[in-house]
């Protein structure tokens, strides 16, 4: 089970690496910064595939029934998911890569707290120790970035960037906890279909407001089109595959596993963007994987809901309720006939 969890988590990391590398290549080589447009393409693919699947369903799992019962919940979920993606990418314009990598980890304790209260997950001491080890690995990776000279440029307003990262990490935690609840209690197709539907609407409106000028400035050629296509496919695969992994493990476990995505992006950057290599990167990868394996080695437990105490006496106010409860029970009736005409009836 641990080996399966490791493999699944690293597959997600590779998908995230694909989105990061293509976005950075678009920004550095072609000066294309369109995070909302890229998200819009992904949500449109989810809409085309999974919302269409819901549209062909019948009964309580149909698109109409889901919208009628839970439409407002999915609006909030779609909003959280869209803005989380946008805020993290937008933060790079204001703050440094170090700040983004460190503060993005804020989502993990938020995720654990939400899982505790909403999903009733209960952690052991080993889980907190494992999270601390993973965060230590992230710190080692950031230290390697500084030593390798990847922090030469400062953002225009570090405070704004840091706040955007914290808000984005918190929204990611809300989205992931909601995803775990929906996938384990409802269905994977429902989650992806609803996120695709409302994500397309919300990102489309935001795209028209904040990024229409950036899109008009793109000098389209086959290389830019290919990068957009690779980004969309990686993001679509990430969204499609993550619910499968969350159902096998948990949202917290998945978020710990994908901490290695930055390291994969770095390894690609050694060849594409000529980053300087440091042995600390290998050390940070090992530390993160040790923490991840430690977390997966002991399953979390789910707290049972507390039963409400039953009143001992009925009281006058509960007399009618008690009568209704008695009416629902069928008493045992015994009828005895004697030689005379007397009939004796007794009930237990």
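Glycine is no exception: its Cβ is also placed from the backbone N, Cα and C atoms.
Keep in mind that TrEMBL annotations are predicted by a computer and have not been checked by a curator.
Here is what TrEMBL says about this protein:
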type: TRANSMEM; residues: 7-27; note: transmembrane segment
type: TRANSMEM; residues: 39-59; note: transmembrane segment
type: TRANSMEM; residues: 100-119; note: transmembrane segment
type: TRANSMEM; residues: 126-147; note: transmembrane segment
type: TRANSMEM; residues: 159-177; note: transmembrane segment
type: TRANSMEM; residues: 189-210; note: transmembrane segment
type: TRANSMEM; residues: 222-242; note: transmembrane segment
type: TRANSMEM; residues: 254-274; note: transmembrane segment
type: TRANSMEM; residues: 280-298; note: transmembrane segment
Recorded stretch, among 7-27, 39-59, 100-119, 280-298, maximising Cβ pairs under 8 Å relative to the transmembrane segment (222-242): 7-27
Folded-back contacts onto the transmembrane segment (126-147), same chain, C-beta under 8 angstroms, at least six residues removed: 97-98, 101-102, 105, 108-109, 112, 256, 259, 262-263, 278, 280-281, 283-292, 294-295, 297-298, 300
Candidate ranges 7-27, 39-59, 189-210, 254-274, 280-298 - greatest C-beta contact count to the transmembrane segment (100-119) (under 8 angstroms): 254-274
Recorded stretch that, among 7-27, 189-210, 254-274, 280-298, has the most CB pairs under 8 Å to the transmembrane segment (39-59): 189-210
